[in-house]
Amino acid sequence: MFLGDGMGVSTVTAARILKGQLHHSPGEETRLEMDKFPYVALSKTYNTNAQVPDSAGTATAYLCGVKANEGTVGVSAATQRTQCNTTQGNEVTSILRWAKDAGKSVGIVTTTRVNHATPSAAYAHSADRDWYSDNEMPPEALSQGCKDIAYQLMHNIKDIEASGVIMGGGRKYMFPKNRTDVEYDMDEKARGTRLDGLNLIDIWKSFKPRHKHSHYIWNRTELLALDPHMVDYLLGLFEPGDMQYELNRNNVTDPSLSEMVKTAIKILNKNPKGFFLLVEGGRIDHGHHEGKAKQALHEAVEMDRAIEQAGTMTSVEDTLTVVTADHSHVFTFGGYTPRGNSIFGLAPMVSDTDKKPFTAILYGNGPGYKVVGGERENVSMVDYAHNNYQAQSAVPLRHETHGGEDVAVFAKGPMAHLLHGVHEQNYIPHVMAYAACIGANRDHCASASSSGSPSPRPLPLLLALLPLGILF
Ligand SMILES: [Zn+2]
């Protein structure tokens, strides 16, 4: 499963044009890897208590199969955000857990912290997505026995049978408070955060069987030096917090998303029972929140490269691949730009109202709102093609917001046809589980001998006979 955080349809289209333009084409006619998937659906993203959702409630939907309140992960809507004492008894399990329980290998690869909202719904049950470590939790929640998300990452899925992969950022949440970071030794913000003094890397290692090969790595060089055939368990934490934007990436210390995916699949697909892998392009969302469309779109293009990478290593005969987003953003592009116009370029005319030029890309709200001398800023005076240029917005906000419209779901492989039409977001993991014959609903699955591939019962015949029965 590939999850583009904040990758709404307008982002997909703009990323497609960018991908083409990076290859010196006009761009519009380019095909993203996800464009090549034969089935497409729309996903309704609202949370149980929010029309415009967040990444935590939505992650619970597309990983655990139930909608939830915003800000909560791996719990039903009976759990109220920040209320630790509403957690117990309301935990819900994820497709990752269902896969693990079926003996499959499982993996999480993300460009955010591995304990961030999206990945955390795969393994944690938390009334608040912000409880990255115990340092971020209120004393009340700690005294009521709730555990932070990094702790749950290491403890909740520790007994993976064959192989497992965790890659992304979030190193600081694994180490005791004030422990110096291995990469940024002068940076106080990169230091360990844990009040309980635990070293979660050591704990992760201690849970792995002695006869298996487990590796903890923290930089790209180590990742590329690994022999995946000799690795059963991999924990890669490449930054203290989120990973760098792809455009800012350090090619020595930070792997790209597609490099992480390549290694992850090599490790996971050794398991004859198969695997579940969650890949998150997690910083598309961050680029948009900052109003930095160029950062967001390069993140989306890199996720598409990761999808291509996975496509070369798997077969549609036995692998269901689903690409979707958790929610959209108030990101748009327009202005009657001609074919091949730089996606970061200007519309071909000036405004007929304030007589100033405008970029094709705009945000409905966000930090790019700029008034100069009582008027909208003249963008021809600024470098609007800069990596960190903040596109103009209609309403000033420090952080641009999510959008509320449906997002696309692209699917290929077994049972991919179940993903067409308009669906509630929480339908998605049930399709993946149905295709893989894992989880609670396995009535359609053949006996264990037929290698786990689904074989539907003759239900249509039964239904056809019923009206006859009524007639007679
Ligand atoms: Zn967001």
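Each residue's number is its place along the chain shown, starting with 1.
Here the Cβ of each residue, glycine as well, is placed from N, Cα and C on the backbone.
Where the annotation comes from TrEMBL, it is an automatic prediction and has not been curated.
Not measured: the values here are computed from a predicted model.
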Among Asp5, Asp35, Asp383, TrEMBL assigns to the Mg(2+) site of His116, Thr118, Glu280 just Asp5
Taking only the binding-site residues Thr118, Asp285, Asp326, which have a CB closer than 6 angstroms to any atom that belongs to ligand 1?
-> Asp285
Listing them in sequence order, which of the recorded positions Ser55, His116, Glu280 have their Cα within 10 Å of that of His327 (Zn(2+) binding site)?
-> Ser55
Cβ-centroid neighbours of Zn(2+) site Asp5, Asp285, His289, Asp326, His327, His402, 8 Å, sequence order = Gly6, Asp54, Ser55, Ile284, His288, Ala325, Ser328, His329
Count the Cβ atoms, other than its own, that fall within 10 Å of the Cβ of His402 (Zn(2+) binding site), considering every protein chain shown.
-> 24
Integer Å value for the Cα distance linking His289 (Zn(2+) binding site) with Thr118 (Mg(2+) binding site) is 16
